[in-house]
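What follows is a short report on a single structure.
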Amino acid sequence: MASITYAVLGAGVIGLSTAIELKTRFPDAKVIIAAKYFPGDRSIKYCSPWAGANWLSIATEDQVLHEWEAETYRRLQTIATSVPEAAVTKMDIHAFYDSPPEQAGIFAPGSKKLWYEDLVGGVSQIANADLATGAQFGYVIPTFMINTQGYLAWLNTECLRLGIEMRRSSFDDIRDFFHAVPANAYFNCTGLGSYHLKGVEDKALYPTKGQIMLVESPKVQLEHMYLRSPKRVDSDTTYVFPRNPSGGVILGGCRIDNDWSDKIDIDLAEDIKRRCCALAPELGKPEDLKVVYHCVGLRPGREGGPRMESEVMGGHLVIHNYGASGAGYQASWGMAQKAVDIMQQISQSNL
Ligand code: FAD
């Protein structure tokens, strides 16, 4: 019988990755995930199903984020090459920016090099003649497309394969979680849920609403992803992600801070179609696009960045691991690794 138990609250990409990291490092421990929503569920209170998603760093000079995203890039590389059922595809992105390079929010101050150039094996500058109309510059970046439906399903299956226990429960108060699931350490991976979760009630969290749609595959196959934006992080970012392997294309997007609603804006959807067709000729005309569904998701934004730290609450060790904003997929494995490192260091220092 396992003598050590670790309990994870939350089954989004962060909670599932953290549970897998725990069970992989401590195979003899019992790992339990408790959550209201699991892969397959859809709710405005569950961000992970609604992401695009890809790996394209938003970080510029934050070394901590660099480490988390670099670790995740390396893991995605392995997953893309050896686990076809995980629905992660190695794919270039053509990223166009409408601002001059020094104002596009992609370099650390004083630098003219993307921090991840070496990590991804080099990027190439897009020739002026091939830039999207009006764009100032652009790069071709080798990266990954993550089909979130397939990837979450795979993470879920991985948890089951590893013997991780799952419990569907919601808690108004994190202290109720401690009583319901006795454990040696707790991982708080509740995303935006920590805004309301009593005992945590982190008011630095805020939603950044995104709206996307899935359209049927166009007649002309897309060979790469597209992104166009005034700056790397902007409310008018346009993106086109072919959703391998099941087909279809994700079109986005928008970023609206502090909007908690699940309302789909049809005028915005028409604008997204128009922007995407102008960017990716393979899509054809906006009126020819066949929409499978529209959806919105709330990125777990947090002033000051993600919360990654330990806290002792009523004698219980809690590692907070939430607030990934628009980078939860691309930082997931690095965040999982760091959260488990923190727990391990504290456990060893208490021996
Ligand atoms: P969630 O997925 O929200 O999971 C939270 C979990 O906690 C759920 O299981 C929930 O049920 C549980 N929970 C919360 N409170 C409680 C409670 N009180 N009791 C019990 N359970 C609770 N990221 C990228 O890296 N790349 C992208 O290209 C990208 N594109 C995006 C595009 C859009 C339109 C959106 C909306 C997001 C995008 N993101 C992207 C961001 C990414 O989706 C999020 O960072 C990530 O999903 C956050 O995951 P999470 O596990 O922290 O939270």
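Glycine too: its Cβ is placed from the backbone N, Cα and C atoms.
Residues annotated as FAD binding site in TrEMBL: THR190. Feature annotation from TrEMBL assigns D-dopa binding site to TYR239, ARG299, GLY326. Under the heading domain 'FAD dependent oxidoreductase', TrEMBL lists 6-341.
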Coarse DSSP state, helix versus strand versus coil, of GLY326 (D-dopa binding site): helix
For GLY326 (D-dopa binding site), the number of other Cβ atoms found within 10 Å of its own Cβ: 23
In the chain carrying ARG299 (D-dopa binding site), residues 6 or more apart in sequence that have Cβ under 8 angstroms from it: CYS47, PRO207, THR208, LYS209, GLY210, ARG255, ALA324, SER325, GLY326, GLY328
Among TYR239, ARG299, GLY326, the record's D-dopa binders - longest CA distance, Å: 16
Residue pair TYR239 (D-dopa binding site), THR190 (FAD binding site) - Cα distance, angstrom, rounded: 27
Model confidence over the domain 'FAD dependent oxidoreductase' (6-341) (mean pLDDT, whole number): 95
Neighbour-count leader, CB within 10 A, binding-site residues: THR190, TYR239: THR190
Extra residues within 8 Å (Cβ to Cβ centroid of TYR239, ARG299, GLY326), D-dopa: ALA51, GLY52, THR208, GLY210, THR237, GLY252, GLY253, ARG255, SER325
In three-state DSSP terms, the structure that THR190 (FAD binding site) belongs to: coil
